[in-house]
Amino acid sequence: MSSVPVLIRLLASSVSVANRAGKIVRDVMSKGELGIVEKGKDDYQTEADRSAQRCIIASLSAQYPKINIIGEEDGNQIQDSNEYLVMDSDQEILAINCPESLKGVEEKDIVVWVDPLDGTAEYTQGALMLKRDSWEHWKSLLSHPFISMKWYLSLLQSNYGFLEHVTVLIGISVNERPVAGVIHQPYYKNVVGSDKIIGRTIWGLQEVGVGGFTLAPPPDSLVITTTRSHSNAIVENALQVMNAQQILRVGGAGYKVLQLLEGKASIYVFASPGCKKWDTCGPEAILSAAGGKLTDILGNHYKYGASESRPNKTGVLAAVYEDLHSYALSRIPQELKDELAK
Ligand SMILES: Nc1ncnc2c1ncn2[C@@H]1O[C@H](COP(=O)(O)O)[C@@H](OP(=O)(O)O)[C@H]1O
Ligand SMILES: [Mg+2]
């Protein structure tokens, strides 16, 4: 076991702990007590964010004490977390042949970025689906302060509301660059043989590739994916200049990168400082392991060293093909780049 390089062991542990965190996310939802805290404008935290982060940080730091692990939520108290300790490792990942360039990586060289629940807005809105069999519930939603008629209709039409947009993200960086990552989708519905399976885990590793899903080429027409809950005038401006056939507004950075990887969207454009390092580290690692590229709106890569500032101040631009990324970059007007770089 100890002959397996630390980077491979860490990725295998991250896959296992992300699965457990996904179960925590589902359990909090089914208990129905979300414990919502408002961190800032349009920025919420729930009991699921807190507990899933405790589980991930406690489990990884118990096994890899010298790794610097940074989570989205404050207060990484790891006392009382024994119930959450996950010491399993994904066997498929453990069997991977480590690329030469990563064999010598030591714990002290690694920074891990954790977003225990990406798409919190969609998660809290998903709670509205809990009592979906009750007519009284649907009637009461009509007067809900956060729900427009358009949302109401889209909620009525879907089984899970926006819960499929929710992901657990773990990004592994070395020398400031993301080299491996995990995106777990707690509400993904899957049928294997006659069994209904809920949840899936996608991973990527530099020079090795990706797993947990089927990589698909981008759609024939230009489809842009972007935020559905954090838009503003600059974000919309950057969308307009793309000349897209369709705009897919979905929640979470992880889910948007999944849209690229599964051929549902061509480019992810978000011209705003709202995303943070934990939103992009894991997704960027997987996207680049699949041959894609994630940068800011100016075309520069983010750095993931522990001392980097948390916000991705100059936005996100990503695509599964380099030429689509270059196209998108060429469409962004200089004034817009200047505005974000201010
Ligand atoms: N204006 C803003 N304020 C706070 N967080 C923002 C934001 N814009 C984007 N984000 C964060 O970036 C992630 C993706 O956002 P979006 O779904 O709008 O594309 C979300 O992560 P979390 O859900 O983990 O908080 C979201 O909170
Ligand atoms: Mg997030």
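Glycine residues also receive a Cβ, built from the backbone N, Cα and C atoms like all the rest.
Curation does not apply to TrEMBL; its annotations are automatic.
Per TrEMBL, the features are as follows:
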- E72, D115, L117, D118, D279: Mg(2+) binding site (BINDING)
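A map of TrEMBL features onto the structure.
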| residue | record | CB count, 10 Å |
| --- | --- | --- |
| E72 | Mg(2+) binding site | 21 |
| D115 | Mg(2+) binding site | 32 |
| L117 | Mg(2+) binding site | 30 |
| D118 | Mg(2+) binding site | 29 |
| D279 | Mg(2+) binding site | 28 |
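In this structure, E72 (Mg(2+) binding site) belongs to neither helix nor strand by DSSP; it is coil. Of the chain residues outside the Mg(2+) site list E72, D115, L117, D118, D279, D49, V114, P116, G119, T120, T167, V168, L169, G252, A253, G254, K276, W278 have their Cβ within 8 Å of the site's Cβ mean position.
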